[in-house]
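Read the structure below first, then the notes.
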Amino acid sequence: MRFFISSNIKSNAPLYVTVLLFLLSSLLYWVVSWFFYHFKFGLTYERMYAYFFTDPRFPERLPLGQLLEDIHIQLFMSVTFILVLSSIFIHKCVRDWIKYTLIASSFLAGILEPLSAFGVYYVSPLFIYLKIFFFYSFQIITGAMLFLTLKLYLSKEKEEPPERSILYTLVFIFSLFTLFFTTLNFFLFLVKLGFAPHHVAEYYLGAPEKFLKPKTLEGILKVVNPHFITMGVYLFALIHFVFFTNVRNKVLISSSTLIFALLDNVSGLLIRYIDPLFSYAKLVSFLGLTFMMTYVSLVVAVSILRHRAKTIILL
């Protein structure tokens, strides 16, 4: 994303067209999100209650693994969308406090909306109202950012170079989110697979005495295929910030993180179709990836706080 910062987008025709098409795609994503949320969770108390507890007369809670998986997907989609949109929005010629407010509140609403599901699940169904409130807040805020950014690039309005402090804020928030996202992934793994090698093997191979069916090739590929690109894009966005800090062994950090991610993604196939002993590789790769994501996030966040990185720029 460096070209968003170092170039005048409007004067670069290929870049301008690309950005404009991205904004139009984002607008479509924003519109469709209303319908998706309505069908997936519901925009009323009654519909969302049915998502969490099925039948109001005989309430039965949604499985925890499914809840964590839905939160995992929501967080990834929301924060990735905000990160890219914000990197373009900061060129808008408005007061800095408006930029700070919209960016920070969009991240906050995008994170608290899925997290409020824990309140519904463990505390009270009344948290449904909070979840709906955060969804509306997220949509309204990101909608405002989209409108202002589209107005900038569809009119003769001039761009302005973003302040470095706003870039620091954007990267810092992304680093903090990654710490939280990594923690959530840890618990998702714990709930669905566990940290014992035989439990990991059972997850893929099945266990008749526990009424667990073996994973099918189709089922594994439904998880593996999208993760190849989403993990790659996310880790690229995270790791490239390290190159603008003073930390040593940058090549080792970047390569080991991506190797752990690749092995974590394919090890399920290896367990299911080659040898159950690859469950050890699954555990090592997942824990290694968790450690590296935590380490990289802390390095970037601390570098920003201490101003040790000389040129931390959004690529």
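The backbone N, Cα and C atoms fix where each Cβ goes, glycine too.
Computed from a predicted structure; not experimentally measured.
Copied over from TrEMBL:
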- 12-37: transmembrane segment (TRANSMEM)
- 71-90: transmembrane segment (TRANSMEM)
- 102-122: transmembrane segment (TRANSMEM)
- 128-154: transmembrane segment (TRANSMEM)
- 166-191: transmembrane segment (TRANSMEM)
- 224-244: transmembrane segment (TRANSMEM)
- 251-271: transmembrane segment (TRANSMEM)
- 283-305: transmembrane segment (TRANSMEM)
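Contact between the transmembrane segment (71-90) and the transmembrane segment (251-271) does not hold: fewer than three of their C-beta pairs are under 8 Å, each pair 6 or more apart in sequence. Annotation: stretch 166-191 has the most Cβ pairs under 8 Å to the transmembrane segment (283-305), among 102-122, 166-191, 224-244, 251-271. Residues 48, 52, 61-62, 64, 67, 70-71, 74-75, 78-79, 81-82, 86, 89-90, 128, 130-131, 134-135, 137-138, 141-142, 144-145, 166, 169-170, 173, 177, 180 of the same chain, all 6+ positions outside the transmembrane segment (102-122), place their C-beta atoms under 8 angstroms from a C-beta of that stretch.
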